[in-house]
């Protein structure tokens, strides 16, 4: 074993020592620049610019020059009860989507990892929601939730459970209804990630545990979960971020209504910026959202990693 | 590891429940798209249209500039996919082969760029593009899509480059091939399937995108399909269900076709880096 790796290392080292280091670096820059320049101009630059805008009174279509106003936007934001209500809804939505989504996707991934017949078909069907434009997902579920022509109320009527209701405009039902759509839309990504993780778990270990008489749950706890955990952590962290920042689904389903009950922070900031033209104030909201999501992730990852050490 | 017969049956049942949950909204969309107005107004809608019709499709094309929108979407998605892959492939090669500080910074950016809410990106972009007179224009939108697709394209491509054994390149170098020659005739052919998969993925992402298009495209003749679709929903949230369903169904087809093509690669381990094949 060692001799092979050493031989490979020797081969790998050989060409590098021949070409002068600096020349290799020049080549690298030449390859990197075409992507690096647009990234710097259109991604890193705007992000920094956006953070700066949060400290100004920038508005759309104003003739007076934009002024530096320090932390005034943030002070206003602290008093803005509407924003904090929207922020609270955003958190409920993000957690309410991410957690059930993870559990459901884990179940599906475990099933798809089994030797079932028609598995290929199931795998193909399971990623269909991923392929759809978010707007179409929203449209589709509007048709499902439609109070008269929707299949949900019709099913409820057929089961004799009453007349159903107007799910998306009911004050109490709107948020749960959009959360269900959120769960549905994110299932494929989460399932595929978990399935990839499952396929890396050592099969022999599984079989050994089965021979030793470990039940399904024990095998999951002791063999599958430890191997799956890194993937599970990263996909959950990503899902939290994506969900907290999501826009199109809810925009199409309810546009934030009824009475702001589904107005996610992204919708709030979008209206502030592009309906009322308050660029500076909306940028400040964006900054608060980044800060919040960073804290949420830090807490989540710290808690999870520590929990892993104890177990 | 034998599973009992009842266990197996339970697994099939669970799988069926999952598939029903995942499939029923789409089936309902298709069903709605083919229903005449009389059935759409009925209080007892059925799964299979009693009197299927294509009228909704005709009406959808009459009401909104769907063909124009589809052409716009196609230009934006093709442009974004091609340019993104062209820019990302060399950089991904460097990121995969050299462990420089730059490569590490780029990887960090790929992760960080995921965490920022789009509002914080779109406001400054809107101002910059406005100064460049690129609001309400395809080149402007394509530029934004390219940058937006780059993180994931880099992520995928780095995995594919790592799958090409460096020994092959070294062998070519030993045989006297120059650096460029090695890249073109050894690395590129091995990388081609990965590049195609990445391009298709970028295509679907851009085809489906909504937020940037909503903010950056102002006039109906410039707008992409997802934005035009929302015009079917009226101010009060009242929608003409039939044409809406028909248009939504059509807008999904290209993405579904592309996804069917790259499906194997995606489930086969895109997230593990696709390194083992």
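Just so you know, glycine gets a Cβ as well, placed from its N, Cα and C.
TrEMBL labels come from automatic prediction, so no person has curated them.
Among the ranges A:208-230, A:231-253, the stretch that TrEMBL annotates as transmembrane segment is A:231-253. A Cβ distance under 8 Å defines the sequence-distant neighbours of the transmembrane segment (A:279-302), meaning residues of its chain 6+ beyond its ends; these are 50-51, 53-60, 66, 69, 73-74, 76-77, 83, 87, 90-91, 94, 233, 236-237, 240-241, 244-245, 265-266, 268-270, 272-273. Sequence-distant contacts of the transmembrane segment (A:174-196) (same chain, at least 6 residues past either end, Cβ-Cβ under 8 Å): 89, 92-93, 96-97, 100-102, 104-106, 108-109, 112-113, 123, 126-130, 134, 137-138, 141, 145, 167-168, 228, 231-232, 234-235, 239, 242-243, 246, 249-250, 253-254, 257-258, 261-262.
Within the chain carrying the transmembrane segment (A:124-144), a Cβ under 8 angstroms from the stretch's Cβ atoms is held by residues 108, 112, 150-152, 168, 181, 184-185, 187-189, 191-192, 248-253, all 6 or more beyond its ends.
Within the chain carrying the transmembrane segment (A:231-253), a Cβ under 8 angstroms from the stretch's Cβ atoms is held by residues 90-91, 93-95, 97-98, 101-102, 106, 134-135, 137-139, 141-142, 168, 177-178, 181-182, 185-186, 189-190, 193-194, 196-197, 262, 264-267, 270, 289, 292-293, 296-297, 300-301, 304-305, all 6 or more beyond its ends.
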